[in-house]
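Below: one structure, written as structure tokens.
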Amino acid sequence: MKRYFVTGIGTDVGKTVAAAILTEALQADYWKPVQAGGLDFTDTDTVMSLVSNSVSVFHPEAYRLKMAASPHRAAAAEGVEINMQGLQLPETNNNLIVEGAGGLMVPLNKRFLVLDMVQQLGLEVILVSRNYLGSINHTLLTAEVLRYRKIPVAGIIFNGEENNASEDFITKYTGLRRLPSIRQEADFCKETVAAYAEQFKPFL
């Protein structure tokens, strides 16, 4: 059984599309523990709309927060505190993809970060990076904190516009296993996700 935690080097780097591709490739279940903002059409809704197989189960979020902000702030706005004991993996005998919120150093409450949740859940990480000015720094910092916490990393996905120089430097410097890239697409639909899923299958 394969279980991965999908995290990114920041917000809006393509975690949800990557999670959809991985979910389709493994015909896995999907779980987003904390959704902050976007409750009209959540990340779970997005992944569900992009997956074609009939095996995947989409588990309800542990926390659904109205404010589009870091989880600790969104929770505080509703008088809620995210309880780490409430962040337990859903029961399933299937493969599982878990998608984080933002990057690893995003606070969940006054004491704990997304990083702590990853460690608590005990999953291998798949890291999503995106090419932009400063992304090398953000990617290396993320890889370093994972190494420091001794959290295993199954691989890195580069999403968006291609930058061979940056991507080669990052993979050589970190030693991370490179998974297939996800490139700019005019439209991400079920067919596009299914095509990418075929590319990913041999790597998972």
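From the backbone N, Cα and C atoms, a Cβ is placed for every residue, glycine too.
The shown structure was predicted, so the numbers you read here are calculated from the model rather than taken from an experiment.
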ATP site partner of ASP12, VAL13, GLY14, LYS15, THR16, VAL17, GLU99, GLY100, ALA101, GLY102 (as recorded in TrEMBL), chosen from ASP40, ASP43, ASP116: ASP43
Where the record names ASP12, VAL13, GLY14, LYS15, THR16, VAL17, ASP43, GLU99, GLY100, ALA101, GLY102 as binding ATP, the maximum Cα to Cα distance in Å: 14
Chain-internal residues near ASP43 (ATP binding site), provided their CB is under 8 angstroms and they sit 6+ positions away: THR16, ALA19, LYS32, GLN35, GLU99
Neighbour tally for ASP12 (ATP binding site), based on other Cβ positions within 10 Å of its Cβ: 9
